[in-house]
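Asks: Quick one: the structure is below, questions incoming.
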Amino acid sequence: MGEEREMTAEESSQKQYNQEASSQWQNATAGAVAGFATVAAMHPLDVVRTRFQVNDGRVTGLPTYRNTGHAVLTIARMEGIRGLYAGFSPAVLGSTVAWGLYFFFYSRAKQRYSKGKNQSLSPLLHLASAAEAGGLVSLCTNPIWLVKTRFQLQAHHQSSRPYSGLYDAFKTIMREEGWKALYKGLGPGLILQVSHGAIQFTVYEELRKLLLHHRSNGTKGHHDNADSNLLNTVDYAVLGGSSKLSAILLTHPFQVVRARMQQRPGADGTPRYLDSWHVVKESFRYEGFRAFYKGITPTILKSVPTSSITFLVYENVLKLLKLASRD
């Protein structure tokens, strides 16, 4: 009898492990699909944002955009549709990989902090889970974001040979600048990714929890499996957009610093900025505090609806995967 009970416990433990592993990969898949959908929909605004962020008024040859609408029209007129989709390939790759990894690492962290129990985490543990996931994603994806930034700006680097594609970009950067160049902007990128993701996911989870509590008439004990009966498509879109706006307003300066750090060096190989602190000093010296919020309008126009789409796709793909796993 004792041996039979031991086998049952082992089987139960293995079943729980398999369920947790399946849940992690479901989160990763849902996140990757969501990331691809958001980039495909909103990339032109990402190009505009990057160009606003790096234009410090001291570089000749860069066009002056009056506002976001004027920027979109100017790029379309001067460079065509290809200009509006500059850097699209690395953006798709980076966003798909980043969101997939983010949701994977985030779900693993939450499961670890909850110690495998089906219980709600505190805001602090949600914050820790999101920060951990953000740091790991930033380390994995920084080279892709650097290449994307350079593709979006290379129409104005007439003195340098344009990159012909992703492989050529990585090869040229390695040859001309060394492998360390692939991690330019990693410092502000880490701060950005950790703080932005932590703020966004914490706000999302807390708003989601409040809405679930309200929809369930204040009753305790509802589980994630019941979410489909309590939250709808509009709810997920509003939750995603609201959490993203909070994160943007607090972390945009780090995005500006990273974009300026990741610019391609001049024809003589000299980088425009030596490090992140140099970016901060020079930007504040010549442009004041407003420098750190350049590109905020296209960022909001792009990122708030993008986040709504991301969480909408993520939650619905996750539901489909869970339903499929039960069959």
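Using N, Cα and C of the backbone, Cβ positions are placed for all residues, glycine too.
Since we're looking at a predicted model, the values are computed, not measured.
According to TrEMBL, the protein carries these features:
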REGION    1-21  region 'Disordered'
COMPBIAS  10-21  compositional bias 'Polar residues'
REPEAT    22-112  repeat 'Solcar'
TRANSMEM  84-105  transmembrane segment
REPEAT    121-210  repeat 'Solcar'
REPEAT    231-320  repeat 'Solcar'
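Map the listed features onto the structure and describe their local environment.
Replies: Secondary structure counts, DSSP: the repeat 'Solcar' (231-320) has 71 helix, 0 strand, 19 coil.
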Asks: What same-chain residues lie close to the transmembrane segment (84-105): Cβ under 8 Å, and 6 or more beyond its ends?
Replies: 24-25, 27-32, 34-36, 38-40, 43-44, 46-47, 50, 72, 75-76, 132-134, 136-137, 140-141, 144-145, 147-152, 154-155, 165-166, 169, 197, 310, 314
Asks: With DSSP as the yardstick, break the repeat 'Solcar' (22-112) down into helix, strand and coil residue counts.
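Replies: Tallying H, G and I as helix, E and B as strand, the rest coil: 75 helix, 0 strand, 16 coil.
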